[in-house]
Amino acid sequence: MSYLAFSKSAARFLTEKTGLSPEKEVVLAYSIELLALNLGNILFTLLLAALLGVLPGVLSCLAAAFLFRHTAGGAHSNSPWRCAAVTIAVYPAMALLAVFLSQYGQTLTGVLAAAALLTGLVTLAVLAPVDSPAAPIISPHRRKKLKVLSFAVLASVAAAIFFFRRSDWLYAPQIQVCLALSVLWVSFMLGKPGHRLMCLVDRIKIREVRNL
């Protein structure tokens, strides 16, 4: 269901120009709203990260989360507004934590990365891919393919951590920790605790926006 007036107006305009049916107009309005919310979500997250001085770390978190989301799946809110709020809150906070932890040197970073990768490996092997009632994974072939791809993403993250461990770039230690924390976050969201968290988020009452 669409709540934003601009998405309805845009869908109405496109429907009139293309001759789509009223049923398609509803779907188009929701798609426009979802696209706008996702773009706004990313932009606000990056803006906050830039203001906090953790833009490289947040970019690495978002990249890892995006890849895992489209392979391993995981818990998510029924509302794109709530999903956006979680993203804007969690990833900059994760990057700030990475800044703090990276100050303790490569030993702690290495231990954290190893623990995160091991946790991610076990979680993916047992749980991935995690679907939802709204979009169930019916095909066994697709389920197997997504599991293999999720392992490929984890291997890519491990390679990136190893690469940044050998890098002299100023932000390399922070990005290592960010990637490790991202794997831990993804593992959390694949399990029951992550689903319970998102159920709790869905119970939070928010005022619907209707006149934007």
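Cβ coordinates come from backbone N, Cα and C, glycine included.
Caution: TrEMBL annotation is automatic and unverified by curators.
Under the heading transmembrane segment, TrEMBL lists 42-68, 80-101, 107-127, 148-164, 170-190.
Same-chain neighbours of the transmembrane segment (80-101): 33-34, 37-38, 40-42, 44-45, 48-49, 52, 54, 57-58, 61-62, 65, 108-109, 112, 174-175, 177-178, 181-182, 185, 198, 201-202, 204, 206, 209, counting only residues six or more beyond its ends whose CB sits under 8 Å from a CB of the stretch. When Cβ-Cβ distances below 8 Å are used as the criterion, the transmembrane segment (42-68) is approached by residues 74, 84, 87-88, 91-92, 94-96, 98-99, 150, 153, 156-157, 160, 171, 174-175, 177-179, 181-183, 185-186 of the same chain, each at least six residues removed from its ends. When Cβ-Cβ distances below 8 Å are used as the criterion, the transmembrane segment (107-127) is approached by residues 72, 101, 147, 150-151, 154, 157-158, 161, 165, 173, 176-177, 179-181, 183-184, 186-187, 190-191 of the same chain, each at least six residues removed from its ends. Within its own chain, the transmembrane segment (148-164) has Cβ neighbours under 8 Å at 60, 64, 67-68, 71-72, 113, 117, 120-121, 124, 128-129, 172-173, 175-176, 179-180, 182-183, counting only residues six or more beyond its boundaries.
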